[in-house]
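TrEMBL annotations:
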- 12-30: transmembrane segment (TRANSMEM)
- 42-62: transmembrane segment (TRANSMEM)
- 273-297: transmembrane segment (TRANSMEM)
- 337-365: transmembrane segment (TRANSMEM)
- 371-392: transmembrane segment (TRANSMEM)
- 404-427: transmembrane segment (TRANSMEM)
- 439-466: transmembrane segment (TRANSMEM)
- 500-519: transmembrane segment (TRANSMEM)
- 531-552: transmembrane segment (TRANSMEM)
- 564-588: transmembrane segment (TRANSMEM)
- 600-628: transmembrane segment (TRANSMEM)
Amino acid sequence: MRPELGGAVKSLFLFLFLFLSLLSFSLLFLSRRLMAEETRISLFFAFVIVIVISIKATFTLASPSDHTYQVDDVVPLFVNKIGPLHNPSETYQYFDLPFCRPDQVTEIRETLGEVLNGDRLTNSLYQLKFREDKTMEKICLKILKREEVAQFRDAVKNNFFFQMYYDDLPFWGFVGKVEQEMWGTIDNLWPSEKGPRYYLITHVEFSILYNGNQVIEINALGDPNYTVDITEDTDEIIVDFTYSVSWNATSIDFVDRMDRYLRSSLVPDTLQIHWYSIINSIVIVVLLAGLLSTLFIRNLRNDLLKYSNEDEEADKEEVGWKHLHGDVFRYPPHTSLFCAIMGSGAQLLTLVFVLFILAFLGVIYPYNRGALYTSLVVIYALTSVIAGYTAASFRTQLAGTGWEVVKCVFLTGVLYLGPLFLTFSVLNTVAISYRATAALPFGTIVAIFLIWTLIIIPFLSVGGIVGSVYSSEFQAPCATRRMPLEIPLLPWYRKTPAQMFLGGLLPFSAIFIELHYLYSSMWGHKIFTVYSILFIMFIVLILITAIMSIALTYYQLSVEDHQWWWSSVLCGGATSVFMYSYCFIFYLKSTMSGFMQLSFFFGYNACICYAFFLMLGTIGFHTSLLFVRHIYRVVKLE
């Protein structure tokens, strides 16, 4: 869906979404016998949050009427940030370089998401009136001192780019260029011993397309014929900064003007290879999962037939997983932490699915400034009620008393936000030392703290109260014996670390190619807009994680190891370990450099992978729990 939607399209989208939501909600309550009470209530909270956010988002999309101009109307051009091309996290304010600046620099008021995105828009001296051509318009005549020349030279050496906005359209250009002098003949060239020459671009040509009274496209190109050599240190250099503007008509509609950002980026991409890689990954995963499922179902069916045979000798000794019927539903150690993981995982899963819905609605799209970060903050705050409810409900089922439930809800609140806050504190300190735009202002930090205290904590508490009050009994087909059975000595390949390796390897093999494209978008300038493919791969990841968790739980019970609760979480979340390991490979193959980019890359990737651990660990446990309940309910216990 495109970012600018007409009223009719908005209404149609809203009607379809409400219809599907009500249909799904009706099916949810029709399936009372197939779904536990706490699960249905959690999904109810999720549906309410999705509907509220989607209605709000649908009516706040950009309208073409907000972007109409008359000839000679002033359309402000805002300068945003600068930074090295290969270090996307290391950006600085535009006027940190000694460009021509207005007498009074005014910062544009930013939303929370825009500040989190590192945007710092300010006014500029560029005057681009609607449909008014200009040639060699002077910005200013600037005398660069030795220190300012060194600043520009360092920027050109590090391949700095700038970003500007015109009528909410982002565009980029380079501060300068590097040329290497060559010596010799045409057939035999070698670099000069003097080294490269650094040139500052002093003239920018703006090429703008319009359709009627609306701006459709803008590009900025530095003219290589207007440069200043800044290779040598000199006391003063006189620089005349100028620009030109050319307007041309186009037939592209306003609603299609963002499509160019879906097809292009600073670094070219090959969509055909992307699709082939995705299809190849899906085929491999389906084949492996089918083979695994066939072998697994055959073994389980034989076990059920053997244990359900009424003609067996009455005194036959129970062996295998049936022997564990008195221990398999024994509550795990560190129960409050375990339930907190379930609550946080359910919250993060809901957050991801709501983000996909917003992406399909067109709210989240490339260069919609701050939309993703705003959505993350708002959705995470609202879904705290799901985390509190899920954790408290499950803890109450597992014989939790009042204070134990309170402890569980508290752990749920800090289980993800705690590590995230510590990581942010360290990285924000690094950004402050670099004076980068990634450093959050004090007011933004206060706003985030208020969101945590005024929204997250109350929502988490309300969910915890509802979960503890309306929690049902834990459904265990078998009674738990008083003394646990002794677990036999197991070989290394039957222990949890080996199971985690296998449980994470297969799901990771399904997504690692897609993960490369995702990392290239997050930590580079490639644009990832194939949300449907990303959604399919996320569903594939969940399905493969569920299959592997069930299989590993079955083989764990087969060797009479009844401590499967924590193992199912660890094996389900093991994919995140492979994801973080891939970060090292990706970084070594990239052109990123510098301590700030290094710390941001590995710090925030650790938080992302930790979120995947919580989500996939929750999936792994719940699918294993459904499986264990099923096999012990089906088999006839003597």
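Each Cβ is built from the backbone N, Cα and C atoms, and glycine gets one as well.
Counting Cβ pairs under 8 Å that are 6 or more residues apart, the transmembrane segment (371-392) and the transmembrane segment (564-588) reach fewer than 3 and are not in contact. The transmembrane segment (564-588) shares the most Cβ pairs under 8 Å with 500-519, out of the stretches 439-466, 500-519, 531-552. Here the transmembrane segment (439-466) has long-range neighbours at 41, 45, 112, 115-116, 377, 380-382, 384-392, 405-406, 408-409, 412-413, 417, 428, 431-432, meaning same-chain residues at least 6 beyond its ends whose C-beta is under 8 angstroms from one of its own.
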